[in-house]
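Listed in Swiss-Prot:
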DOMAIN    4-166  domain 'EngA-type G 1'
BINDING   10-17, 57-61, 119-122  GTP 1 binding site
DOMAIN    175-350  domain 'EngA-type G 2'
BINDING   181-188, 228-232, 293-296  GTP 2 binding site
DOMAIN    351-435  domain 'KH-like'
Amino acid sequence: MPKPIVAIVGRPNVGKSTLFNRIVGARIAIVEDMPGVTRDRLYQDAEWQGREFTLVDTGGLDFAEDIITAQIRKQAELAIYEADIILFVVDAREGLTAIDEEVGRTLRRADKPVILVANKVEHFDKIPYYDFYQLGLGDPVPVSAAEGLNTGDLLDELVKNLPAQDEDPYPPDTIRIAVIGRPNVGKSSLVNTILGEERVIVSNIPGTTRDAIDSSFEKNGKNYVLVDTAGMRRRKKIDLPTERYSVVRALRAVDRCDVALMVFDATEGIAEQDKRIVGYAHEKGKAIILIINKWDLIEKDDKTMNRFEKKIREELAFLDYVPTLYISALTKQRVPKVLETVDFVAEEASKRVATADLNNLIREATQHNPPPADKHRRLKIFYATQGGVKPPTFILFVNEPEIMHFSYQRYLENKIRDTYGFKGTPIRFFLRKREGKDI
């Protein structure tokens, strides 16, 4: 299930970024005594008492009319929209302000769980933070984010208010599919075409975020779930900055999926945001299919597809294992191939290699191309085994893990792929130190 989202909001310069850094344990957000330094949202996974959640740091909510302030306000309101729970930070030293009251009214309208955080309380008995009861948001939790005082109690309260961890409602063999990409590349058309073709939607099960909907269906005896289709299928109902919102939704969907369909607009090419989103799927070990949509709009000759393929491989060189489909969601050209390829890469991601066969392959690979020496030390691989699937994960027992060069690990990966395929799925290696005999 997806991690709950916790948004830190409040007016400028109350210590939101300091609290964010205190919780995640790293100085990621800019901390400066000047309103507006955190103009964009920052996202970081965090954990407390065994509960994982995604923390969002926002720019300060201000209700002035200048352009930058309006942009910050949109970002913060967007974080509120996404969040499962909100940490509303106020400055106990300055006391209650008119902006605090306006933010409080905004949060009450959002109808989300809110924890009121009275920050900058270094001495609990000397700072009167009780005025904040007027906000009607319950008891303020006094903390000093800068000093770390009482932040443990705050996190205890946060964990108590996180959404319950629901059991997985789907059959164990269900393939979860995330359709990701920038706005207006045709994600909604592809989703609607897939669901419209099947006409056997079983259920719409709410996810953790407010409007996340999973659309499940069955085809040829196989169970599928299109993860979080609400943001795509009902976009007209969402009056929010779509470009920024789409990245967050994509990352959350990737966390939950087995197969990521990365959709591009054939008329626009590949943007940095595309690389960021699909790179996240790669890092998370998800099976990936590249979908080049709107292929019907491209003027073609017999070399057009080859030119596109070459460009894609240059721009996304780290995804050389990933299949590409050229489709038109509008005309349904090659759309039936999408689920066929989903089945294929999902099977590849779950494939296992017998230990004896794997060790024979590694032995032949090292004999053909021995590991390079490093300062008179040579890497020796004693034993190999597959430790997991989704993604396929291989454990190599070696004499000196630190001298394994990336290029040689890549060589071993290519040898494994040459023999066993693993098309569409990343491969992971873990090295363990061990004394012993060569395989």
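For all residues, glycine too, the Cβ spot is worked out from N, Cα and C.
Between the CA atoms of G181 (GTP 2 binding site) and T58 (GTP 1 binding site) there is a gap of 23 Å, rounded to the nearest whole number. Taking H, G and I as helix, E and B as strand and the rest as coil, DSSP gives the domain 'KH-like' (351-435) the counts 32 helix, 24 strand, 29 coil. Cβ-based neighbour count (10 Å, all protein chains) for K187 (GTP 2 binding site) stands at 27. On a Cα basis, T58 (GTP 1 binding site) lies 26 Å away from N184 (GTP 2 binding site). Neighbour counts of Cβ atoms within 10 Å were taken for the binding-site residues N13, T58, N184; the minimum is at N184. Looking at V121 (GTP 1 binding site) and K187 (GTP 2 binding site), their Cα atoms lie 48 Å from each other.
The predicted model assigns the domain 'EngA-type G 2' (175-350) a mean pLDDT of 81. Reduced to three states, the DSSP call for W295 (GTP 2 binding site) is helix. Counting every protein chain shown, the Cβ of V121 (GTP 1 binding site) has 23 other Cβ atoms within 10 Å.
Cβ neighbour counts within 10 Å, taken over all protein chains shown, single out K16 as the most crowded of the binding-site residues G10, K16, W295.
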